[in-house]
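Features reported for this protein in Swiss-Prot:
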- Lys100: active site, schiff-base intermediate with DXP (ACT_SITE)
- Gly161, Ala187, Gly188, Asn209, Thr210: 1-deoxy-D-xylulose 5-phosphate binding site (BINDING)
Amino acid sequence: MKDLPLSIGGKTLTSRFFLGTGRYPNPFVQNEVIRVSEAEVLTFAIRRVNLQAPGEDAILQHLEGKTFTYLPNTSGAKNAEEAIRIARLARASGLSDWIKVEISVNERTLLPDPVETLRATETLANEGFTVLPYTSDDPVLCKRLEEAGAAAVMPGGAPIGTGLGILNPYNLGLIVEEANVPIIVDAGLGSAQDVVQAMELGADGVLMNTPVAKAKDPVKMALAMKHAIEAGRLSYLAGRIPKKRYATASSGLETFISK
């Protein structure tokens with residue numbers, strides 16, 4: 001299978017690694033992680049950014065002189081109205097017209113609210129935003145988000161920050177099969193093994209923050225995740241052998257040497 005470039009909202013990306021910018025030990029580690037990951041899309045919570053002066057913001061000022069696609073998120077929003085308001089403020093500040101819709105009402109699980117996420121996605125897409133909604137691994141909901149105008153859909157592998165990996169690979173596979181927009185797995189991953197699995201299932205990319213930022217060595221983990229994305233994608237394109245119940249000899253019995 002021939003690979004195709006990843007294109008979202010009219011922008012072609014060479015990296016399939018979407019990287020979060022929070023929770024790093026310090027800005028120097030963050031910058032080194034960004035460098036080795038070769039990520040082109042960086043995400044951050046809008047509520048953590050000084051929208052009055054984005055260029056002087058404590059987060060963004062460390063990225064000056066570099067070219068990235070910013071994917072601000074609406075983390076902290078409890079409903080569609082809050083998410084829409086936050087997105088409009090971000091765009092008005094000149095920050096970005098890309099937006100990751102993230103709406104959670106349960107602080108214990110941080111699972112996305114499906115109804116509010118769908119409402120916000122439809123409204124923001126109609127207003128010209130490039131919308132990437134974070135959602136659950138529900139194939140029907142993911143399709144509805146696509147139909148509502150999402151430029152890409154971002155199902156979670158597991159609840160945010162849990163490191164549990166891909167809890168429902170069957171659903172994720174169905175989501176990929178049915179999608180006509182890129183599928184970016186977001187949330188719940190913990191290791192390079194999880195990333196390879198996501199990519200082998202056909203995901204177009206992976207968004208990570210905690211698995212890298214909170215690793216014992218974030219820079220090494222960023223490099224591991226980068227290679228895992230590449231390996232998983234290559235394995236998906238190569239096509240794995242089918243699983244079956246019984247063994248098949250790699251050399252047929254007729255090849256035995258007879259005396």
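Heads up, the Cβ atoms here are built off N, Cα and C, so glycines get one too.
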Could you name the residues, excluding Gly161, Ala187, Gly188, Asn209, Thr210, of the same chain that surround the 1-deoxy-D-xylulose 5-phosphate site, i.e. Cβ within 8 Å of the Cβ centre of those residues, in sequence order?
Gly20, Pro159, Ile160, Thr162, Gly163, Asp186, Leu189, Met208, Pro211
Alpha-carbon distance [Lys100 (active site, schiff-base intermediate with DXP); Gly161 (1-deoxy-D-xylulose 5-phosphate binding site)] in Å:
17
Could you give the Cα-Cα distance between Lys100 (active site, schiff-base intermediate with DXP) and Ala187 (1-deoxy-D-xylulose 5-phosphate binding site), in whole Å?
13
For Thr210 (1-deoxy-D-xylulose 5-phosphate binding site), which of the three DSSP-derived states applies: helix, strand, or coil?
helix
For a quick check of understanding: among the binding-site residues Gly161, Gly188, which residue's Cβ has the most other Cβ atoms within 10 Å?
Gly188
Fewest neighbouring Cβ atoms within 10 Å: which of the binding-site residues Asn209, Thr210?
Thr210
Tell me whether the residue listed as 'active site, schiff-base intermediate with DXP' sits in a helix, a strand or coil according to DSSP.
strand
